[in-house]
Structures are given as structure tokens and as C-alpha cells.
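Q: Below is one structure. I have some questions about it.
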Amino acid sequence: MSEVNPFESLQEQIDDAAAFVAVPDDALERLKRPERVLETTLSVELDDGSIETIRAFRSQFNGDRGPYKGGIRYHPQVSREEVKALSGWMVYKCAAVDIPYGGGKGGIAFDPSDYSESEIERITRAFATELRPLIGEDRDVPAPDVNTGQREMNWLKDTYETLENTTAPGVVTGKAIESGGSEGRVEATGRSVAIVAREAFDYLGGDIADATVAVQGYGNAGSVAAELIAKQGGTVVAVSDSSGAVYDPAGIDTSAAKSFKRETGSVTGFEGASEELSNRELLTLDVDLLVPAALENAIDAAIARDVRADVIVEAANGPLTPDADDVLADSEIAVFPDILANAGGVTVSYFEWVQNRQRFSWSLERVNDELETVITSAFDDLIERYEATDAPTLRTAMYAVAIERVHRAAAEAGTWP
Ligand SMILES: NC(=O)C1=CN([C@@H]2O[C@H](COP(=O)(O)OP(=O)(O)OC[C@H]3O[C@@H](n4cnc5c(N)ncnc54)[C@H](OP(=O)(O)O)[C@@H]3O)[C@@H](O)[C@H]2O)C=CC1
Ligand SMILES: O=C(O)CCC(=O)C(=O)O
């Protein structure tokens, strides 16, 4: 994986869009940096009685459109620069789909697979204690990201409510239904990826039902995207995780592969595929659609030069380095950007938060219908801007839409020029 600093990638993406937005330079400078970053050290007792110290972060990038919003990641690669980038991408993602949030992101630098469940719970509750003064239903609302899910969100909410002596279900989203979660949140990120894939093929004059597809990363985002693309008729020929990739030109049963991964911990060894490949081989397969759904910087310039897919729909945040973006911009490959494609997660988080505030639950059908409306409307905004300007890429066009929305909110409030 490339060593590119993701925060510098974010800043480059904003610079690229600058020529296409009516925003003064001094305001643009503020749009490129987080408002504040918490860096803290958690001291947690392990099961053997020893004390471990672990670094943790929360970046609040911009709150002009609403409370800071974004996930919490557990991964050894988590760093200050990574959460700064991820929190910035949240700002422009929420603006791209026009939901009333700013952007934040947090993470703990550890590998949860090395720890017991009770250790992960103590680590999560220690982090929640550090976060308590910063978060709140109207202040900053965390959610799941890589290696976190309903379990961790329930612990965060419980710790916050205990310390605050209150009930505040909207302080985090992505909770279990019984703890105030929303129908459809688990599938929401993969669902928006599938919607964007369908719309992308339609826009380009094709049909997702005729597409062959490779998916890198088979966690929450990747596995659901693969299942829903297969439901739309697409043929998923390859999937991967950190153990490697599996391939079958006749198509992979995406749900069986998911069950196999749940049981064994990896996709490699899945008997429903005819071949095993490396992750690099998956990324350069001759398919119609490539869905990177793992981590940032998965595709650098060298890999980009070998990509043979016609379309890329980004499920992961920041899966392409800026150099890879440049290579693809000079090619015929259409890249549909992360801040639109994976925005289903935060959109249904918003629906969850609305339900929490109203103390009223929506049906799955209502959640999915409203998600469809939000994502297709943002897709239309993207295409309208792309066709109306000389923006060289879909990413730049989407950033132009999003940056203007953030700037407008700040300017109307009188905080910015
Ligand atoms: N969860 C959400 O709601 C949202 C997630 N995203 C983004 O989607 C991406 C994936 O997140 P999510 O699905 O939640 O995370 P998960 O932890 O559920 O899954 C991550 C997947 O990526 C795989 N992976 C990690 N490293 C590699 C690698 N080098 N090569 C191939 N696969 C790899 C993991 O493999 P293994 O299982 O072997 O570790 C796992 O299958 C991230 O960029 C995240 O920020 C974006 C919006 C919302
Ligand atoms: O659901 C959310 O609030 C945020 C999800 C997230 O972290 C992301 O979109 O990258």
C-alpha cells in the first residue's frame, strides 16, 4: 500500500476544485484544515492485569453545516494525518448529498483482532470517556467505520449516557436496533455504492446487469455492495480481503462468500471460486466495474496504469492516490468518487439521528426509499455540474458542488468572507 499522506491528498483534491468554485482564496484555505484534533492516550487494563497505552484521535474538521459527523476506525494504521483526511472527506461527503452535518472522524491505533472482547470493550469505553466533552447529539456524532460496528456504538452511547446522566440515543449512529439504531444502516454504505454503480452504467450508456465486477475488501461496505450489485444482475467475478483474492469468471455467489468469510475470517479458501489471486491482480482484472472497498491509497499510479476496468465506483474513502487520479483522468476510465458513492452510510446515519430525535422509528422501506432519493439526486447534481463546466474529473465536479455548499453556509452565517 502506498505511503501517500491522505491529508495531503484531501488538500490536493480541494485545490483541484478551486478553479471551478466561486469561493475566495482565504475562505478556501480554511476549507483545507481541521478546526481541531484531539490526540489522546488511552491506558487500559488487559485481561492479564497489565496496562497498555494506546493512541487515539478525533478530528473535527468543519461544523458550518451542522454537527461534526463521521466514523470511528480501529486499525493499526490510524494516525493523526489519517483522521484529519477522513474528517475532511466527511465534510464534503455530507455537503455532496446535502445533509445537515459537518465532518469529523476518529480512530484508535490498534488491531482489535489481537484483543479479547472484554479488552475491546474497555478500550472503547476509555475512548468514550475521552470523547465525552467533545461529542453530543448537536455537537459531534460518531458512527462505525473500519473494524467497528453496532457493538462498539452501543458501548459508546452507554458510556456517554452514564457519564452525562441522561438519555441521548442520537449521540452516536450505527447502533443496534434495540439500542436506537435504524433499519437499513448496516447495509446503507453498500446500498449507495450499488445505486451509484447502477446510475453510472446508465449514464454511460450501459447496464449494470451486463457488467462483470471485482470488489476489493469484503467487510461491511464491500460485501453488501457486492451482494446488491449481484441482485441488480451484475456478475461479481472477484472479491478480496487482507488475506488475498478469489476469482471465478463464471461469477461468485456473493452471499456464500460472505458466510464463508464470517465462519473462517477470510475469503481465501472459498470453494465457490475457481482461482486465487493477489490483491494487485484483482485490481487490474479485465472487468467492467472495479469497486475498491478497503482502505485509502489502495490504487497508486503504477496500479492505475494497469487498471483495465471501464468504471471505478469508490466504496472506500480515498482509495486512489492523487497520482492514480491523474493517470485515470488521462484515460477513458470513469471514476465515481467516494464522497458520493459511499455516502449511503452517513445518509442513513442521518435518518437514524432524525428518528432518535423524534423518538419515532421508520420502516426499512421508508429508509431505503429516502436513501434512493438522496443518492440519485446527488448523482444528478454531480452530472449537471460535470457537464456544465470543464471540470476534468467527476471527483473535481463533485467537490465543486460540495465546497460551494460549505462556503455558502459559512458566508451566510457571517463567519467567512
Ligand atoms: N462502514 C461504513 O458505514 C462506511 C465505510 N466506509 C469506508 O469503506 C471502507 C471499508 O470500510 P468497512 O467496510 O466499514 O470496514 P470493514 O472493517 O468492515 O472491512 C474492511 C475490509 O477491507 C479489507 N482489507 C483491509 N486491508 C486490505 C487490503 N490491503 N487488501 C484487500 N482488502 C483489505 C478487510 O479485510 P480483513 O477482513 O481481512 O481485515 C475487510 O474485508 C473504508 O474506507 C471506510 O472508511 C465509507 C463509508 C461508510
Ligand atoms: O455514518 C456516519 O456517520 C459516518 C460513516 C463514515 O465514517 C463514512 O462515511 O466514512
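Yeah, the Cβs are placed from backbone N, Cα and C, and that goes for glycine too.
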Q: Among SER349, SER361, SER363, SER377, which residue does TrEMBL name as a further substrate binder in the site formed by LYS69, LYS93?
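A: Among the candidates, TrEMBL records only SER349 at this substrate site.
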Q: So if I draw a 10 Å sphere around the Cβ of SER349 (substrate binding site), how many other Cβ atoms end up inside it?
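A: Neighbour count, Cβ to Cβ under the 10 Å cut-off: 31.
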Q: Quiz question: given the binding-site residues THR189, ASN220, which has the greatest number of C-beta atoms lying within 10 angstroms of its own C-beta?
A: THR189
Q: Cβ under 6 Å from ligand 1: which of the recorded positions LYS69, LYS93, LYS105, THR189, ASN220, SER349 qualify?
A: THR189, ASN220
Q: Checking the recorded positions LYS69, LYS93, LYS105, ASN220, SER349, which are within 10 Å of ASP145 (site 'Important for catalysis') at the Cα level?
A: LYS105, ASN220
